[in-house]
Amino acid sequence: KNGDLRAPYVEIFDARGCDAKNSQYTGPKSGDMNDDQCVKVSMAVPKVSEATAEKKRQEFLGFKETAINVPQIAGKTKKY
């Protein structure tokens, strides 16, 4: 049912100062520190435990009646 739901995963690689040979990128070099950095974006199925999913569901349900950008009133109301 939900097996096809995917989310973007962003990975940032910073190899500045690393002596390993970079063979993945074959395009033109920029000649500066950007040659040693990379951003990878992929789509994958998120893996979340049932316990974490239930906590988030309860959190979302608890706030569903709150309007956007309206602060919640905390504590008890004083009676004068």
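Indices start at 1 and increase along the chain as displayed.
Just so you know, glycine gets a Cβ as well, placed from its N, Cα and C.
Quick look at what Swiss-Prot annotates:
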- Arg16: (2R,3E)-phycocyanobilin binding site (BINDING)
- Cys18, Gln24, Tyr25, Lys40: mesobiliverdin binding site (BINDING)
- Pro71, Ile73: 15,16-dihydrobiliverdin binding site (BINDING)
Intrachain C-beta neighbours of Tyr25 (mesobiliverdin binding site), sequence separation six or more, cut-off 8 angstroms: Cys38
Neighbour tally for Cys18 (mesobiliverdin binding site), based on other Cβ positions within 10 Å of its Cβ: 10
Cβ neighbour count within 10 Å of Lys40 (mesobiliverdin binding site): 10
Count of other CB atoms lying within 10 Å of the CB belonging to Arg16 ((2R,3E)-phycocyanobilin binding site): 9
Separation of alpha carbons, Gln24 (mesobiliverdin binding site) and the residue listed as '(2R,3E)-phycocyanobilin binding site' (Å): 15
